[in-house]
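Student: The signal peptide feature in Swiss-Prot is assigned to 1-20; the stated evidence is sequence analysis. Annotation comment: Swiss-Prot describes ASN26, ASN683 as N-linked glycosylation site. Look at Swiss-Prot and you will find CYS93-CYS165, CYS138-CYS163, CYS208-CYS269, CYS318-CYS379, CYS349-CYS359, CYS425-CYS485, CYS525-CYS589, CYS569-CYS579, CYS619-CYS750, CYS661-CYS677, CYS765-CYS831, CYS794-CYS808 (among others) tagged as disulfide bond. Residues annotated as domain 'SRCR 1' in Swiss-Prot, with sequence analysis given as evidence: 170-271. The domain 'SRCR 2' annotation in Swiss-Prot covers 280-381 and rests on sequence analysis. Residues annotated as domain 'SRCR 4' in Swiss-Prot: 500-601. The region 'Zymogen activation region' annotation in Swiss-Prot covers 619-630. Under the heading domain 'Peptidase S1', Swiss-Prot lists 631-874, citing sequence analysis as support.
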Amino acid sequence: MTLARFVLALVLGALPEVVGFDSVLNDSFHHRHRHSPPPGPQYPYYLPTHQRPPRTRPPPPLPRFPRPPRALPAQRPHALQAGHTPRPHPWGCPAGELWVSVTDFGAPCLRWAEVPPFLERSPPANWAQLRGQRHNFCRSPDGTGRPWCFYGDARGKVDWGYCDCRHGSVRLRGGKNEFEGTVEVYASGAWGTVCSSHWDDSDASVICHQLQLGGKGIAKQTPFSGLGLIPIYWSNVRCRGDEENILLCEKDIWQGGVCPQKMAAAVTCSFSRGPAFPIIRLVGGSSVHEGRVELYHAGQWGTICDDQWDDADAEVICRQLGLSGIAKAWHQAYFGEGSGPVMLDEVRCTGNELSIEQCPKSSWGEHNCGHKEDAGVSCTPLTDGVIRLAGGKGSHEGRLEVYYRGQWGTVCDDGWTELNTYVVCRQLGFKYGKQASANHFEESTGPIWLDDVSCSGKETRFLQCSRRQWGQHDCSHHEDVSIACYPGSEGHRLSLGFPVRLMDGENKKEGRVEVFINGQWGTICDDGWTDKDAAVICRQLGYKGPARARTMAYFGEGKGPIHVDNVKCTGNERSLADCIKQDIGRHNCRHSEDAGVICDYFGKKASGNSNKESLSSVCGLRLLHRRQKRIIGGKNSLRGGWPWQVSLRLKSSHGDGRLLCGATLLSSCWVLTAAHCFKRYGNSTRNYAVRVGDYHTLVPEEFEEEIGVQQIVIHREYRPDSSDYDIALVRLQGPEEQCARFSSHVLPACLPFWRERPQKTASNCYITGWGDTGRAYSRTLQQAAIPLLPKRFCEERYKGRFTGRMLCAGNLHEHKRVDSCQGDSGGPLMCERPGESWAVYGVTSWGYGCGVKDSPGVYTKVSAFVPWIKSVTKL
């Protein structure tokens, strides 16, 4: 993060999200040690606070735009003519929040029609197709990346920035059940409340509709006194009651002061509990427009069996939920298996009913199904780029049509191939397809939108294929593309293979292997995963060099389903699909076993002297720290991103030493760590080794090297019964300046200046290590952003135990606490200097407890020991 973005995030109140964990990550980091700590005082620890932090400023006002008109039932495409565009939602936010109109750092988006023709900085590709549209909602024009928008910067210039798709999300907290509670909204990277001034049932109804808890809401109020430290974002919310999202309502940005009656907005979502309109919801989808159908009956939620489930049934579900667009039925627990009872079976709607209760069906609770047959629906909004097959006997066949600028249009068949058909059918949720004669279906009278389409077969969406500009063609409707799609045979094997991608690697040639099957990206289990399997993956991706397999979630754990297990390639197959012998979806794995590959692998290990001259004179240099997707605040670090991070390991008789403490590489032969790391096992050099270049503790890597210890120097003032002077130096075995071999993954950290005050000079601070994540010991190097705290703050909490040779750091906000528990004892607290060099300002030392409220972690202040370090190491 640049200094400018850091300051901007601070001003907008987003700092807790920038420098800390979110609530999920906070659950995954609690302890510092990878193994049980030695006897003695526990470290680090926490204390409660009695000081209220200043309230963060709310985000700037959001521009208002009229809500798009809701389609009436008569205007809705009939289920037999409608297709489906699978997840993620085209062009918009993957979370389904289509109305986000502010960047992730709080800048209001410009309307796409207001963007000038000349820009100082090139935006992502394909944005020109949005030029002229009068809305300002965040979009991903190519359909593959993260949504973004243009905004006006402080200099009056137009720039672009990514959007946070969670902005405008709502939740109910503190109620007796899921249908009631205080309204909390997500903005500027954190959850906040709404002042209850002018809060009425129309506002409450929009909240209930957005949460899929029915269309009727009752406005309530909650005292702020019981909510803890949480900001107020909005006041005077003024909804009509039919908006799809609270972002579309008029409202005022909270400017501080006192909220009338000191009450926060709350709601109770009320359903009509008569027989005509049972309570329904969609669960397990990637947006509010899709998911497993669940009904609330007799006091509990249950599912619907998919026997005879079709698009007509889906049409009724979408109508009952108030969702317009294209309705499609999904079978065989496509959105995951539910729990609880199966409520209904044999549902047979005509598509014209107002409620599923009006459809012919089994009696409540009567069925012959399991949850593997749970029914689902998708209600795809009509946005530009949605496709369908129209004019056939069902949604699986017909004339290919694309929705653009409020109108359905066709596609010309010039240059149409089998690969094009495959991409269309896959996007619509089918396994196979073939081009059909246009004479089989009624001729269109609308526009011809696309021509000269060419797909490679790897695309996940039809609009990712190359094509002419919208409306440019030399065709007539006699040349309209028509397609018939088929679900495929048992086992879901594909004749053409399926798309493969590599995720979270350092470059495009390596990463976690993900495959696109059944409309979803998923991973491969590493059972039996070998270099032969990796060779096939790399060949399918177009790489011809040597390939190496990586196991045990080497590139991080994926999300979504695990599609494939027990891959058995010979190494000569043309695609992964030719290697699969086991049915898709069958496995006995977790995401901790996700498979990965490195393509064009030629062995990157540097020799001992090859780069000595170029690297021995530098420090604090991160050669591998940027990637498109930032991973901060307690997640896996980028491999090689912290090249000075090393581990002090305890040797065993078996030769497989375990991790004891973290440490920091200061030069080729010297390592900095904590003195207490040697308290239990003594300071005999025979007991220890130091590992450099490590990332995944269980996978041997090309830059990894384990070096013996020649000398251990503990500060002479350190006492085992005290936490002061908790610092030590370790001399590695080897000739002078030739102990550890430098490379892009092994480099020394800089030392701070003597008596430097890091609270004034340092910024952008991180802790790193392989510490206990709270659920299991981390296999991969972790990192967490962490703020330095004022000296007086630490002295008040630790009284006389905190000395001038110590620092304390941590995020003390509730649910976002971060301290040295997230690193290893002896590990580094690194801060960025001006000019992008990094210095070690702290050594993880002690604290009160772990994750305890208002008790920051304590670190040995390295700047206080610079003369001692230099006298020992001769640096």
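A Cβ is built for glycine as well, from the same backbone N, Cα and C atoms used for every other residue.
Mind running through what each feature is packed against?
Tutor: Within 10 Å of the Cβ of CYS165 (disulfide bond) there are 22 other Cβ atoms, across all protein chains.
All protein chains included, CYS138 (disulfide bond) registers 26 other Cβ atoms within 10 Å of its own Cβ. Mapped onto three states, the DSSP output places CYS138 (disulfide bond) in coil.
Mean predicted confidence for the domain 'SRCR 1' (170-271): the pLDDT average there is 83.
CYS208 (disulfide bond) is surrounded by 24 other CB atoms, counting those within 10 A of its CB over all protein chains shown.
Mapped onto DSSP helix, strand and coil, the domain 'SRCR 2' (280-381) counts 17 helix, 33 strand, 52 coil.
Within its own chain, CYS349 (disulfide bond) has ALA312, ASP313, GLU315, VAL316, ILE356, GLN358, CYS359, PRO360 as residues 6 or more apart in sequence whose C-beta sits under 8 angstroms from its own.
Under the three-state DSSP scheme, CYS485 (disulfide bond) falls in the strand class.
Across the domain 'SRCR 4' (500-601), DSSP classifies residues as 16 helix, 29 strand, 57 coil.
A simple way to gauge crowding: the CB of CYS579 (disulfide bond) has 19 other CB atoms within 10 angstroms, across all the protein chains here.
DSSP classifies CYS750 (disulfide bond) as strand under the three-state reduction. Over all protein chains present, the Cβ of CYS750 (disulfide bond) has 18 other Cβ atoms lying within 10 Å.
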Student: CYS831 (disulfide bond): which of the disulfide-bonded residues CYS165, CYS208, CYS425, CYS569 is the nearest Cα neighbour?
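Tutor: In terms of Cα distance, CYS831 (disulfide bond) lies closest to CYS165.
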Student: Helix, strand, coil residue numbers for the domain 'SRCR 1' (170-271) per DSSP?
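Tutor: The domain 'SRCR 1' (170-271) comes out at 19 helix, 46 strand, 37 coil.
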Student: Helix, strand or coil by DSSP: which one applies to CYS661 (disulfide bond)?
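Tutor: Assignment for CYS661 (disulfide bond) reads strand.
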Student: Show which residues of the chain containing CYS485 (disulfide bond), separated from it by at least 6 in sequence, have their CB under 8 Å from its CB.
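Tutor: Those within reach of CYS485 (disulfide bond), by Cβ under 8 Å and sequence separation of 6 or more, are LEU389, HIS396, GLU397, VAL424, CYS425, LEU428, PHE430, TYR432, GLY433.
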Student: Restricting to the same chain and to sequence separations of six or more, state which residues have a Cβ under 8 Å from that of ASN683 (N-linked glycosylation site).
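Tutor: Listed in sequence order: ILE712, ILE714.
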Student: Give me the CA-CA distance between CYS269 (disulfide bond) and CYS750 (disulfide bond), in Å, as a whole number.
Tutor: 57
Student: Out of CYS138, CYS208, CYS525, CYS794, CYS808, the disulfide-bonded residues in the record, which is closest to CYS661 (disulfide bond) when you go by Cα distance?
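Tutor: When the Cα distances are compared, CYS808 comes out closest.
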Student: Work out how many Å separate CYS525 (disulfide bond) and CYS579 (disulfide bond) at their Cα atoms, rounded off.
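Tutor: Cα-Cα, rounded: 14 Å.
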